[in-house]
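Trainee: Sending over a structure as C-alpha coordinates; questions will come in a sec.
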Amino acid sequence: MTAILERRESTSLWGRFCNWVTSTENRLYIGWFGVLMIPTLLTATSVFIIAFIAAPPVDIDGIREPVSGSLLYGNNIISGAVIPTSAAIGLHFYPIWEAASVDEWLYNGGPYELIVLHFLLGVACYMGREWELSFRLGMRPWIAVAYSAPVAAATAVFLIYPIGQGSFSDGMPLGISGTFNFMIVFQAEHNILMHPFHMLGVAGVFGGSLFSAMHGSLVTSSLIRETTENESANEGYRFGQEEETYNIVAAHGYFGRLIFQYASFNNSRSLHFFLAAWPVVGIWFTALGISTMAFNLNGFNFNQSVVDSQGRVINTWADIINRANLGMEVMHERNAHNFPLDLAAVEAPSTIG
(Lines of atoms letter the chains of each structure in order from A; the text may use other names.)
(Lines give C-alpha, C1' and ligand atoms only; values in the text may rest on other atoms or scores of the structure.)
Protein backbone atom coordinates (compact mmCIF):
# COMPACT_ATOMS: atom_id res chain seq x y z
CA MET A 1 0.00 0.00 0.00
CA THR A 2 1.31 3.40 -0.94
CA ALA A 3 0.65 6.43 1.26
CA ILE A 4 0.83 9.88 -0.29
CA LEU A 5 1.72 12.69 2.08
CA GLU A 6 1.04 16.27 1.03
CA ARG A 7 2.75 19.15 2.76
CA ARG A 8 0.15 21.58 4.06
CA GLU A 9 0.80 25.12 2.97
CA SER A 10 1.21 27.48 5.91
CA THR A 11 -1.55 30.09 5.99
CA SER A 12 -0.55 33.72 6.38
CA LEU A 13 -1.53 35.71 9.45
CA TRP A 14 -4.08 37.61 7.34
CA GLY A 15 -5.50 34.35 6.04
CA ARG A 16 -5.90 32.97 9.57
CA PHE A 17 -7.60 36.21 10.61
CA CYS A 18 -10.02 35.98 7.67
CA ASN A 19 -10.83 32.37 8.51
CA TRP A 20 -11.45 33.27 12.14
CA VAL A 21 -13.69 36.25 11.29
CA THR A 22 -15.85 34.23 8.88
CA SER A 23 -15.90 30.97 10.85
CA THR A 24 -19.33 29.70 11.88
CA GLU A 25 -17.69 27.55 14.57
CA ASN A 26 -17.06 30.54 16.87
CA ARG A 27 -19.33 30.76 19.92
CA LEU A 28 -20.44 34.18 18.65
CA TYR A 29 -20.24 34.77 14.90
CA ILE A 30 -18.20 37.87 14.06
CA GLY A 31 -18.25 38.29 10.28
CA TRP A 32 -17.02 41.23 8.27
CA PHE A 33 -20.01 43.32 9.30
CA GLY A 34 -19.16 42.45 12.90
CA VAL A 35 -15.68 43.93 12.51
CA LEU A 36 -17.38 47.32 12.13
CA MET A 37 -20.39 46.58 14.35
CA ILE A 38 -18.44 45.73 17.50
CA PRO A 39 -16.42 48.97 17.85
CA THR A 40 -19.31 51.24 16.80
CA LEU A 41 -21.85 49.71 19.21
CA LEU A 42 -19.30 49.60 22.04
CA THR A 43 -18.52 53.27 21.45
CA ALA A 44 -22.21 54.25 21.33
CA THR A 45 -23.02 52.24 24.47
CA SER A 46 -20.04 53.53 26.47
CA VAL A 47 -20.62 57.18 25.62
CA PHE A 48 -24.37 56.83 26.28
CA ILE A 49 -23.78 55.41 29.77
CA ILE A 50 -21.22 58.09 30.65
CA ALA A 51 -23.37 60.92 29.24
CA PHE A 52 -26.56 59.66 30.91
CA ILE A 53 -24.77 59.63 34.25
CA ALA A 54 -22.52 62.67 34.12
CA ALA A 55 -22.99 64.97 31.08
CA PRO A 56 -23.40 68.68 31.93
CA PRO A 57 -26.49 70.61 30.72
CA VAL A 58 -26.82 71.18 26.96
CA ASP A 59 -27.96 74.35 25.17
CA ILE A 60 -30.40 72.38 22.99
CA ASP A 61 -32.29 75.40 21.54
CA GLY A 62 -29.16 77.48 20.96
CA ILE A 63 -30.49 80.36 23.11
CA ARG A 64 -28.09 80.04 26.06
CA GLU A 65 -30.61 78.15 28.19
CA PRO A 66 -28.97 74.79 28.95
CA VAL A 67 -31.19 71.79 29.70
CA SER A 68 -30.01 69.22 32.24
CA GLY A 69 -30.29 65.57 31.27
CA SER A 70 -27.88 63.49 33.36
CA LEU A 71 -28.31 61.77 36.70
CA LEU A 72 -25.57 63.80 38.42
CA TYR A 73 -27.33 67.02 37.41
CA GLY A 74 -30.58 66.26 39.22
CA ASN A 75 -32.43 63.77 37.01
CA ASN A 76 -33.69 60.26 37.72
CA ILE A 77 -34.07 57.24 35.43
CA ILE A 78 -37.42 58.50 34.13
CA SER A 79 -36.54 62.16 33.53
CA GLY A 80 -32.92 61.61 32.48
CA ALA A 81 -31.75 61.66 28.86
CA VAL A 82 -28.84 62.40 26.59
CA ILE A 83 -29.87 65.84 25.29
CA PRO A 84 -29.71 66.33 21.49
CA THR A 85 -27.00 68.45 19.90
CA SER A 86 -27.61 72.22 20.03
CA ALA A 87 -29.59 74.04 17.36
CA ALA A 88 -26.52 76.31 17.11
CA ILE A 89 -24.69 73.35 15.55
CA GLY A 90 -27.56 72.42 13.23
CA LEU A 91 -26.60 69.56 10.92
CA HIS A 92 -22.86 70.23 11.06
CA PHE A 93 -20.63 67.25 11.74
CA TYR A 94 -19.44 68.00 15.28
CA PRO A 95 -16.68 65.68 16.51
CA ILE A 96 -14.62 66.61 19.58
CA TRP A 97 -11.80 68.10 17.51
CA GLU A 98 -14.18 70.61 15.90
CA ALA A 99 -14.87 72.26 19.27
CA ALA A 100 -12.53 74.75 20.95
CA SER A 101 -12.59 72.65 24.12
CA VAL A 102 -14.23 69.58 25.60
CA ASP A 103 -16.38 71.88 27.75
CA GLU A 104 -17.70 73.61 24.63
CA TRP A 105 -18.33 70.22 22.98
CA LEU A 106 -20.34 69.06 25.98
CA TYR A 107 -22.24 72.35 26.24
CA ASN A 108 -23.30 72.05 22.59
CA GLY A 109 -24.42 68.42 23.00
CA GLY A 110 -21.61 66.73 21.08
CA PRO A 111 -22.16 63.35 22.78
CA TYR A 112 -25.64 63.00 21.21
CA GLU A 113 -24.31 63.20 17.67
CA LEU A 114 -21.46 60.82 18.52
CA ILE A 115 -23.84 58.26 20.05
CA VAL A 116 -26.46 58.46 17.30
CA LEU A 117 -24.06 58.18 14.35
CA HIS A 118 -22.16 55.26 15.90
CA PHE A 119 -25.42 53.57 16.92
CA LEU A 120 -26.98 53.80 13.44
CA LEU A 121 -23.81 52.46 11.84
CA GLY A 122 -23.72 49.67 14.42
CA VAL A 123 -27.32 48.50 14.00
CA ALA A 124 -26.98 48.63 10.20
CA CYS A 125 -23.91 46.39 10.52
CA TYR A 126 -25.86 44.10 12.88
CA MET A 127 -28.44 43.70 10.12
CA GLY A 128 -25.66 42.96 7.62
CA ARG A 129 -24.17 40.44 10.05
CA GLU A 130 -27.52 38.64 10.25
CA TRP A 131 -27.53 38.31 6.47
CA GLU A 132 -23.87 37.24 6.44
CA LEU A 133 -24.39 34.46 8.99
CA SER A 134 -27.52 33.28 7.15
CA PHE A 135 -25.51 33.16 3.92
CA ARG A 136 -22.67 31.15 5.51
CA LEU A 137 -25.15 28.63 6.95
CA GLY A 138 -27.11 28.28 3.71
CA MET A 139 -30.23 29.87 5.19
CA ARG A 140 -32.69 32.22 3.52
CA PRO A 141 -32.14 35.98 4.13
CA TRP A 142 -35.44 36.94 5.78
CA ILE A 143 -34.08 37.42 9.32
CA ALA A 144 -32.12 40.46 8.16
CA VAL A 145 -35.13 41.68 6.16
CA ALA A 146 -37.31 41.54 9.30
CA TYR A 147 -34.67 43.41 11.32
CA SER A 148 -34.66 46.15 8.68
CA ALA A 149 -37.94 47.44 10.16
CA PRO A 150 -36.52 48.64 13.51
CA VAL A 151 -33.36 49.81 11.71
CA ALA A 152 -35.53 51.94 9.41
CA ALA A 153 -37.49 53.30 12.38
CA ALA A 154 -34.32 54.25 14.28
CA THR A 155 -32.83 55.85 11.17
CA ALA A 156 -36.02 57.86 10.66
CA VAL A 157 -36.12 59.43 14.14
CA PHE A 158 -32.37 59.86 14.65
CA LEU A 159 -31.19 60.89 11.17
CA ILE A 160 -33.89 61.51 8.53
CA TYR A 161 -36.06 63.69 10.76
CA PRO A 162 -33.17 65.95 11.87
CA ILE A 163 -32.07 66.27 8.23
CA GLY A 164 -35.58 67.30 7.17
CA GLN A 165 -35.94 69.78 10.05
CA GLY A 166 -32.44 71.18 9.61
CA SER A 167 -30.90 70.36 12.99
CA PHE A 168 -29.93 67.44 15.19
CA SER A 169 -31.62 69.33 18.03
CA ASP A 170 -34.91 68.06 16.56
CA GLY A 171 -33.82 64.42 16.91
CA MET A 172 -35.31 62.16 19.56
CA PRO A 173 -33.65 62.57 22.99
CA LEU A 174 -32.07 59.41 24.38
CA GLY A 175 -34.25 58.87 27.43
CA ILE A 176 -37.73 57.89 28.59
CA SER A 177 -39.39 61.27 29.15
CA GLY A 178 -37.37 62.68 26.23
CA THR A 179 -38.98 60.09 23.97
CA PHE A 180 -42.44 61.12 25.17
CA ASN A 181 -41.58 64.79 24.65
CA PHE A 182 -40.48 63.97 21.09
CA MET A 183 -43.78 62.19 20.43
CA ILE A 184 -45.89 65.04 21.80
CA VAL A 185 -44.02 67.71 19.84
CA PHE A 186 -44.16 65.54 16.71
CA GLN A 187 -47.94 65.34 17.04
CA ALA A 188 -48.18 69.09 17.60
CA GLU A 189 -46.10 69.97 14.55
CA HIS A 190 -47.01 67.19 12.10
CA ASN A 191 -50.38 65.73 13.23
CA ILE A 192 -48.91 62.22 13.01
CA LEU A 193 -52.05 60.59 14.43
CA MET A 194 -53.88 61.61 11.26
CA HIS A 195 -51.21 60.22 8.93
CA PRO A 196 -52.22 56.96 7.18
CA PHE A 197 -48.70 55.51 7.39
CA HIS A 198 -48.74 55.90 11.17
CA MET A 199 -52.14 54.19 11.22
CA LEU A 200 -50.62 51.26 9.31
CA GLY A 201 -47.80 51.12 11.86
CA VAL A 202 -50.29 50.98 14.74
CA ALA A 203 -52.11 48.15 12.96
CA GLY A 204 -48.77 46.40 12.47
CA VAL A 205 -47.67 46.63 16.11
CA PHE A 206 -51.03 45.91 17.75
CA GLY A 207 -51.96 43.32 15.13
CA GLY A 208 -48.58 41.65 15.49
CA SER A 209 -49.07 41.44 19.26
CA LEU A 210 -52.54 39.94 18.78
CA PHE A 211 -51.37 37.38 16.21
CA SER A 212 -48.36 36.43 18.35
CA ALA A 213 -50.61 35.85 21.37
CA MET A 214 -53.12 33.90 19.27
CA HIS A 215 -50.44 31.69 17.73
CA GLY A 216 -48.65 31.03 21.01
CA SER A 217 -51.86 30.20 22.87
CA LEU A 218 -53.12 27.92 20.06
CA VAL A 219 -49.84 25.99 19.95
CA THR A 220 -49.65 25.73 23.74
CA SER A 221 -53.25 24.50 23.85
CA SER A 222 -52.74 21.79 21.22
CA LEU A 223 -49.48 20.20 22.43
CA ILE A 224 -49.16 16.47 21.90
CA ARG A 225 -49.18 14.87 25.35
CA GLU A 226 -45.81 13.34 26.22
CA THR A 227 -45.86 13.77 30.01
CA THR A 228 -47.97 12.86 33.02
CA GLU A 229 -50.12 15.23 35.05
CA ASN A 230 -47.29 15.55 37.58
CA GLU A 231 -44.74 16.88 35.06
CA SER A 232 -44.46 20.13 33.21
CA ALA A 233 -45.74 19.92 29.64
CA ASN A 234 -42.44 21.49 28.58
CA GLU A 235 -40.62 18.29 29.58
CA GLY A 236 -42.33 16.57 26.66
CA TYR A 237 -40.09 18.29 24.13
CA ARG A 238 -36.50 17.40 23.26
CA PHE A 239 -34.38 19.83 21.28
CA GLY A 240 -33.93 18.58 17.73
CA GLN A 241 -36.70 15.99 17.83
CA GLU A 242 -38.15 15.04 14.44
CA GLU A 243 -41.79 14.70 15.52
CA GLU A 244 -44.19 17.63 15.65
CA THR A 245 -44.61 18.94 19.17
CA TYR A 246 -48.17 20.18 18.60
CA ASN A 247 -51.13 19.14 16.49
CA ILE A 248 -51.61 21.78 13.79
CA VAL A 249 -54.73 19.99 12.54
CA ALA A 250 -56.36 20.36 15.95
CA ALA A 251 -55.34 24.03 16.16
CA HIS A 252 -56.65 24.63 12.63
CA GLY A 253 -59.94 22.92 13.44
CA TYR A 254 -60.40 24.89 16.67
CA PHE A 255 -59.71 28.28 15.14
CA GLY A 256 -61.72 27.52 12.01
CA ARG A 257 -64.76 26.74 14.15
CA LEU A 258 -64.15 29.71 16.47
CA ILE A 259 -64.28 32.23 13.61
CA PHE A 260 -64.69 30.64 10.16
CA GLN A 261 -62.78 28.06 8.15
CA TYR A 262 -60.67 30.35 5.98
CA ALA A 263 -59.55 32.55 8.89
CA SER A 264 -57.28 29.68 9.95
CA PHE A 265 -54.00 28.79 8.23
CA ASN A 266 -53.56 25.17 7.13
CA ASN A 267 -49.94 25.73 6.09
CA SER A 268 -47.37 26.25 8.84
CA ARG A 269 -44.93 27.99 6.49
CA SER A 270 -47.40 30.57 5.20
CA LEU A 271 -48.59 31.12 8.78
CA HIS A 272 -45.13 31.99 10.05
CA PHE A 273 -44.42 34.18 7.04
CA PHE A 274 -47.59 36.12 7.85
CA LEU A 275 -46.58 36.45 11.52
CA ALA A 276 -43.26 37.97 10.43
CA ALA A 277 -44.51 40.12 7.56
CA TRP A 278 -47.43 41.84 9.31
CA PRO A 279 -45.50 43.86 11.94
CA VAL A 280 -42.48 44.37 9.66
CA VAL A 281 -44.52 45.97 6.88
CA GLY A 282 -46.39 48.10 9.44
CA ILE A 283 -43.16 49.44 10.96
CA TRP A 284 -41.73 50.03 7.47
CA PHE A 285 -44.71 52.27 6.75
CA THR A 286 -44.30 54.14 10.05
CA ALA A 287 -40.63 54.79 9.29
CA LEU A 288 -41.63 56.01 5.84
CA GLY A 289 -44.26 58.26 7.40
CA ILE A 290 -41.72 59.80 9.81
CA SER A 291 -39.38 60.33 6.85
CA THR A 292 -42.04 62.17 4.84
CA MET A 293 -43.20 64.25 7.80
CA ALA A 294 -39.54 65.18 8.33
CA PHE A 295 -39.96 67.35 5.23
CA ASN A 296 -43.34 68.66 6.49
CA LEU A 297 -45.61 66.47 4.38
CA ASN A 298 -47.89 66.11 7.38
CA GLY A 299 -50.97 64.15 8.43
CA PHE A 300 -54.46 64.87 7.13
CA ASN A 301 -56.01 68.21 8.06
CA PHE A 302 -59.78 68.06 8.47
CA ASN A 303 -60.02 71.21 10.61
CA GLN A 304 -63.32 73.11 10.33
CA SER A 305 -64.48 70.83 7.53
CA VAL A 306 -68.09 70.63 8.72
CA VAL A 307 -70.25 73.78 8.69
CA ASP A 308 -73.97 74.43 9.04
CA SER A 309 -76.23 76.28 6.58
CA GLN A 310 -75.16 79.61 8.06
CA GLY A 311 -71.47 78.85 7.59
CA ARG A 312 -70.85 78.28 11.29
CA VAL A 313 -68.28 75.61 12.13
CA ILE A 314 -69.54 72.38 13.69
CA ASN A 315 -66.56 70.96 15.55
CA THR A 316 -65.49 67.39 14.84
CA TRP A 317 -62.82 65.31 16.53
CA ALA A 318 -60.37 66.75 14.01
CA ASP A 319 -60.98 70.20 15.52
CA ILE A 320 -60.51 68.84 19.04
CA ILE A 321 -57.19 67.32 18.01
CA ASN A 322 -56.20 70.60 16.35
CA ARG A 323 -56.83 72.52 19.60
CA ALA A 324 -54.73 69.98 21.49
CA ASN A 325 -51.96 70.34 18.89
CA LEU A 326 -51.92 74.13 19.34
CA GLY A 327 -51.76 73.73 23.10
CA MET A 328 -48.82 71.34 22.86
CA GLU A 329 -47.04 73.57 20.37
CA VAL A 330 -47.21 76.71 22.51
CA MET A 331 -45.73 74.75 25.44
CA HIS A 332 -42.60 73.40 23.79
CA GLU A 333 -39.47 75.51 23.25
CA ARG A 334 -41.41 78.24 25.03
CA ASN A 335 -38.48 80.67 25.13
CA ALA A 336 -37.20 79.99 21.61
CA HIS A 337 -40.24 81.37 19.75
CA ASN A 338 -42.53 84.32 20.30
CA PHE A 339 -45.38 82.44 18.63
CA PRO A 340 -45.90 78.85 17.57
CA LEU A 341 -45.53 78.39 13.83
CA ASP A 342 -49.23 77.72 13.24
CA LEU A 343 -50.19 81.04 14.82
CA ALA A 344 -47.31 83.10 13.46
CA ALA A 345 -48.02 81.96 9.89
CA VAL A 346 -51.36 83.77 9.77
CA GLU A 347 -51.17 87.17 8.10
CA ALA A 348 -51.70 89.97 10.61
CA PRO A 349 -54.90 92.01 10.14
CA SER A 350 -54.44 95.46 8.67
CA THR A 351 -55.29 98.46 10.84
CA ILE A 352 -56.82 101.72 9.63
CA GLY A 353 -55.52 104.98 11.00
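Easy rule for this one: first residue shown is 1, then count along the chain.
Each Cβ is built from the backbone N, Cα and C atoms, and glycine gets one as well.
Positions annotated as phosphothreonine by Swiss-Prot: THR2. Annotation comment: Swiss-Prot describes 29-46, 118-133, 142-156, 197-218, 274-288 as transmembrane segment, evidence class sequence analysis. Look at Swiss-Prot and you will find TYR126 tagged as pheophytin a binding site. Residues annotated as site 'Tyrosine radical intermediate' in Swiss-Prot, with sequence analysis given as evidence: TYR161. The annotation [CaMn4O5] cluster binding site is assigned in Swiss-Prot to ASP170, GLU189, HIS332, GLU333, ASP342, ALA344. Under the heading site 'Stabilizes free radical intermediate', Swiss-Prot lists HIS190. What Swiss-Prot records for HIS198 is chlorophyll a PD1 binding site. Sequence annotations record features per position, and here Swiss-Prot assigns quinone binding site to HIS215, SER264, PHE265 based on sequence analysis.
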Trainee: May I have the list of same-chain residues other than HIS215, SER264, PHE265 whose Cβ is within 8 Å of the Cβ centroid of the recorded quinone site, in sequence order?
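Mentor: Along the chain, the qualifying residues are MET214, LEU218, ALA251, HIS252, PHE255, LEU271.
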Trainee: Over all shown protein chains, what is the count of other CB atoms within 10 A of the CB belonging to TYR126 (pheophytin a binding site)?
Mentor: 19
Trainee: Among 118-133, 142-156, 274-288, which stretch has the highest count of C-beta pairs below 8 Å with the transmembrane segment (29-46)?
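Mentor: Comparing 118-133, 142-156, 274-288 against the transmembrane segment (29-46), the winner is 118-133.
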Trainee: Which residues of the same chain, at least 6 past either end of the transmembrane segment (118-133), have a Cβ under 8 Å from a Cβ in it?
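Mentor: Contacts with the transmembrane segment (118-133): 24, 29, 31-34, 36-37, 40-41, 43-44, 47, 139, 141, 143-144, 147-148, 150-151, 154-155, 158-159.
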Trainee: Determine, from DSSP, whether SER264 (quinone binding site) sits in helix, strand or coil.
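Mentor: DSSP assigns SER264 (quinone binding site) to coil.
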Trainee: Whole-number answer please: how many Å between the C-alpha atoms of TYR126 (pheophytin a binding site) and SER264 (quinone binding site)?
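Mentor: For TYR126 (pheophytin a binding site) versus SER264 (quinone binding site), the Cα atoms are 35 Å apart.
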Trainee: Could you round the CA separation between ASP170 ([CaMn4O5] cluster binding site) and TYR161 (site 'Tyrosine radical intermediate') to a whole angstrom and send it over?
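Mentor: With distance taken Cα to Cα, TYR161 (site 'Tyrosine radical intermediate') is 7 Å from ASP170 ([CaMn4O5] cluster binding site).
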Trainee: With Cβ-Cβ distances below 8 Å as the criterion, list the same-chain residues six or more beyond the ends of the transmembrane segment (274-288) that contact it, or say none.
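Mentor: Non-local partners: 142, 145-146, 148-150, 152-153, 155-156, 197-198, 200-205, 207-208, 211-212, 215, 265.
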Trainee: Who are the long-range neighbours of the transmembrane segment (142-156) in its own chain, taking Cβ under 8 Å and residues 6 or more past its ends?
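Mentor: 119-120, 123-124, 126-128, 130-131, 134, 276, 279-280, 283-284, 286-288, 290-291, 294.
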Trainee: What count of other C-beta atoms do you get within 10 angstroms of the C-beta of HIS190 (site 'Stabilizes free radical intermediate'), across all chains shown?
Mentor: 22
Trainee: Name the residues of the same chain, 6+ apart in sequence, whose Cβ is under 8 Å from the Cβ of HIS215 (quinone binding site)?
Mentor: LEU271, LEU275
Trainee: Between HIS332 ([CaMn4O5] cluster binding site) and TYR161 (site 'Tyrosine radical intermediate'), what C-alpha distance do you get in Å?
Mentor: 18
Trainee: Measure between the Cα atoms of every pair in HIS215, SER264, PHE265, the residues the record assigns to quinone, and report the largest value in Å, rounded to a whole number.
Mentor: 11
Trainee: Work through the binding-site residues one by one (HIS198, HIS332) and point out the residue whose CB has the fewest other CB atoms within 10 angstroms.
Mentor: HIS332
